[in-house]
Amino acid sequence: MKKEEMLVAAIRNGIVIDHIPPTKLFKVATLLQLDDLDKRITIGNNLRSRSHGSKGVIKIEDKTFEEEELNRIALIAPNVRLNIIRDYEVVEKRQVEVPHEIVGLVRCPNPKCITNNEPMQTRFRVIDAEQCTLRCDYCERKLAGDRIELL
């Protein structure tokens with residue numbers, strides 16, 4: 001798509017979170033606590049995508065993300081792309097990926113799991129990154145996709 005045809009305005013410096021599934025867009029926005037951010041934010045949903053049919057996009061001026069924030073995005077929408085923008089140009093493109101191990105980000109759904117009864121961090125292994133299937137290191141309960149509850 002040419003720049004003059006863009007539905008969502010370009011930003012000078014910042015980050016573009018692209019290829020968000022439309023059903024996950026507002027969950028990603030909530031997760032990143034965008035309502036508390038005092039930066040210029042542009043959100044577009046159900047935009048045309050050649051590869052996915054439709055997509056969501058979030059553009060945030062003058063913002064970078066910590067690795068933990070990226071891990072959280074990957075748990076909700078594992079195939080999101082991040083574009084780093086400087087002076088209106090994309091200087092870096094990055095695919096967000098689910099990490100091999102997730103510590104302190106996800107709640108175990110097993111009420112008998114020690115992490116729900118003792119003051120300790122949860123720890124999960126990713127057993128299928130594409131389906132985002134996790135297994136608790138302590139009780140071995142498996143959970144996937146929309147059943148993942150972030151802390």
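Backbone N, Cα and C atoms are what each Cβ position is placed from, and that goes for glycine too.
Listed features, source Swiss-Prot:
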BINDING   CYS108, CYS113, CYS136, CYS139  Zn(2+) binding site
CB contacts for CYS136 (Zn(2+) binding site) [other CB atoms within 10 A, all chains]: 21
Sorted by position, what residues of the same chain at least six away from CYS139 (Zn(2+) binding site) have a C-beta under 8 A from it? CYS108, ASN110, LYS112, CYS113, ILE114
CYS108 (Zn(2+) binding site) -> DSSP, reduced to three states, gives coil
Residue among binding-site residues CYS108, CYS113 with least C-beta crowding, 10 angstrom cut-off: CYS113
